[in-house]
Every structure is written in C-alpha cells, then in structure tokens.
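As recorded in Swiss-Prot:
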{"type": "DOMAIN", "residues": "1-53", "note": "domain 'F-box'"}
{"type": "REPEAT", "residues": "55-81", "note": "repeat 'LRR 1'"}
{"type": "REPEAT", "residues": "132-159", "note": "repeat 'LRR 2'"}
{"type": "REPEAT", "residues": "160-185", "note": "repeat 'LRR 3'"}
{"type": "REPEAT", "residues": "187-208", "note": "repeat 'LRR 4'"}
{"type": "REPEAT", "residues": "226-253", "note": "repeat 'LRR 5'"}
{"type": "REPEAT", "residues": "254-284", "note": "repeat 'LRR 6'"}
{"type": "REPEAT", "residues": "299-324", "note": "repeat 'LRR 7'"}
{"type": "DOMAIN", "residues": "339-389", "note": "domain 'FBD'"}
C-alpha cells in the first residue's frame with residue numbers, strides 16, 4: 001500500500017476509474033488521503049448486479065456517492081440496472097450527472113418488472129456537453145419536440161424501444177456533429193419508416209433482426225467512411241442516397257438489395273459481402289474502381305456468380321477472401337455448381353493486381369475446386385494462396401492439399417499455404 005500511496009493523485013484517480021463505484025468508495029477506509037481522493041473520481045459505474053443487499057441500500061449508496069462527488073466534470077457515467085430500480089431514481093441520477101457537465105453516458109436496463117421501458121429525462125436531450133450516449137435494452141426513446149445535442153459525436157442504440165418511427169430522425173436532427181451511429185433492433189413490434197440526413201456522420205452500423213418485419217430506411221450520409229449493415233428482415237427496404245466518401249463497407253443482407261444500393265458502394269477500398277447476386281438483379285456496369293480488399297461469404301445461393309461479377313468489375317483488387325461462416329451463422333457454405341459461369345475473359349485484377357487469395361472453411365468439393373483452380377491458373381501476380389479447410393481429418397486435408405498443389409499456377413512466385 002505504501003508504494004501505491006506514493007503515486008500522484010492523477011494516476012490514482014485514473015486507476016480508480018477502472019473499478020466499480022462500490023469498491024471506489026471502499027478505498028476511503030485506507031487513509032485520510034483516500035477519504036477525499038475517491039470523491040474526485042470523474043468516471044462512475046453503478047451496477048446493481050454486484051449488490052448483495054436490498055435495493056434500498058443500493059439506491060442510498062448511489063445517491064450518497066453522487067452527492068459526495070467533487071469532480072469538476074463527470075466524464076463518464078455507466079448505469080447497469082435490473083428490474084427493481086425505479087425510473088424516478090434513474091432519472092435523478094442522470095439529471096445530477098448532467099449538472100456536472102457529463103461527457104459520456106451508458107445505460108443498460110437489463111430487464112423490466114412490468115415490461116415498461118425507462119424514459120430518459122428531458123434535460124438529457126438538451127445537454128451541451130454530452131459527447132457519447134449508449135442506450136441498451138429497456139430504454140424508451142421518447143424524443144421531445146426540441147432536441148439540441150451540439151457536442152454529441154457517438155450514439156449507440158442497442159435493442160431499445162421507440163415511441164414512434166419519428167423518434168430516431170428527430171433525435172438525429174438535433175445532433176449536428178454526430179460522427180458515429182450504431183442501431184440494433186431485435187423483434188421490436190414497431191415498424192420503422194425512417195428517413196434521416198446526417199451530413200457529419202462518418203461511421204454507421206445497422207443490425208436489424210426483425211424477422212418478417214417491414215422496415216424501410218432511407219439514408220443520406222455524404223461524409224460516411226465506414227458502413228456495416230446486417231439485416232435479416234425479410235421484407236426490409238433500404239435506400240442509400242449519398243456516400244461518395246465511403247472507404248470500408250460490410251454488407252450482410254437477406255433480401256431487398258437493389259442495383260442502386262450496390263452502386264452507392266463503388267468508392268470503397270475494403271468490402272465484405274454476404275448476399276446473393278439474384279438479389280442484385282445482375283449488377284452489370286458497376287465498377288469498383290478503388291476496391292483493394294474483397295471478402296465474400298459462401299453461405300448464400302449464387303455467391304459464385306457474385307464472385308464472377310466482382311472479379312470483372314474490380315480492376316485494382318489485391319486481396320480476395322472467401323469465407324464459409326458456418327460456425328458463426330449455423331449455415332453451411334453452398335457448393336459451386338459444376339460448370340459455373342466463368343468470366344467471359346480473364347479479369348484485369350487477376351492479370352495485374354491480385355496478390356493474396358484466401359479461402360476460410362474450404363471443403364474441397366468439385367465445384368469449389370473449380371473456383372480455386374480458376375484463380376490459381378489466372379492470377380499472374382499472386383504471392384500467397386491460403387486454404388483453411390473445415391475438415392479436421394488428416395487424410396482428407398492431405399488429399400485437398402495434394403489436389404491444390406497439382407494445379408499449374410500463373411504466378412511463378414506464389415506460395416500455397418494450408419492450415
């Protein structure tokens with residue numbers, strides 16, 4: 001303890017910021033110096049799942065801790081609460097933190113005793129200091145008519161509830177400097193028909209698992225650099241109006257992809273796709289002139305035709321990775337049909353730029369061998385070809401390796417790697 005006490009106050013406060021609030025307060029018993037030091041901690045976390053007594057004692061502890069806090073600014077407040085926590089207490093705790101120029105707020109209401117979600121205090125929607133807001137589970141986004149969050153740059157909404165489909169656009173309209181938005185929906189009852197324009201947004205992640213729900217999104221994000229969309233909603237409709245600055249995109253969509261949607265991705269340098277070409281209505285004429293890295297999932301029907309199209313339309317492609325995500329999705333990679341439609345001529349990227357080819361979950365079936373053989377025979381600049389088979393059988397893996405090693409390669413310097 002003597003060594004720790006020799007550390008500076010700033011360093012000790014930084015250490016205290018990493019431990020739960022209950023333990024922070026307990027340090028006041030160590031010495032006179034610690035009696036006042038814990039009151040200056042600016043990053044506060046309260047989690048009732050660690051509390052062993054009744055809820056009343058937990059509530060009193062939080063009130064006492066907040067009222068004793070003398071930090072000039074509360075940088076971070078994290079509330080992880082269960083069904084016993086009254087909404088009035090949560091609102092008062094958040095309101096107090098806002099008066100101390102709160103910078104970051106994270107609220108996770110794990111479950112609700114009466115299936116009612118917690119509504120945020122109206123003062124939160126007009127905070128001029130809040131920079132990060134993360135809301136999780138039983139939180140209701142009941143947005144007032146006036147929203148002004150000039151400092152908010154990061155907004156995460158994970159499986160929260162919405163008062164109506166105007167809630168999200170209204171909130172975004174009041175965030176003129178928002179840079180990162182994460183939205184995740186799971187089986188929410190409310191159908192969303194959302195149009196939002198966020199000129200400042202640079203990162204957008206949307207995960208929608210509303211199976212059978214008919215949601216519609218129209219997105220205008222001219223400054224976007226990063227896009228991640230995972231969508232299992234069968235009848236979902238999405239439209240992206242403007243993404244000229246996009247650099248990286250990850251798209252995993254069940255249905256509803258349009259030609260216009262793919263055209264909005266043509267500026268990317270890194271692209272991950274899990275979709276069927278039949279969903280895109282044959283995207284001829286779309287050139288991915290900046291694309292360098294392409295990841296393609298093999299768990300959707302027609303992935304081989306999408307591969308053909310992407311090879312033809314990505315003249316600068318340097319890295320190609322085929323991924324069987326069976327372990328993640330529970331789906332098995334679909335075998336390439338015998339005699340799949342080859343490119344009409346050897347794609348430019350195979351002749352002049354492709355340097356790395358990788359196949360994760362390679363099964364060695366006849367159709368799969370055709371795809372692998374085509375790439376190996378035509379990729380003149382290939383440096384590495386790496387195959388990670390799904391099988392753990394040594395004999396089967398050896399047979400796959402022997403087949404691949406017998407393929408004549410266009411590149412004299414390529415290395416065949418086999419995990």
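Just so it is clear, glycine is given a Cβ too, placed from its N, Cα and C backbone atoms.
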Counts of helix, strand and coil residues, the repeat 'LRR 1' (55-81), according to DSSP: 14 helix, 6 strand, 7 coil
Tally of DSSP helical, extended and coil residues in the repeat 'LRR 3' (160-185): 7 helix, 8 strand, 11 coil
Number of helical, extended and coil residues in the repeat 'LRR 2' (132-159), per DSSP: 0 helix, 14 strand, 14 coil
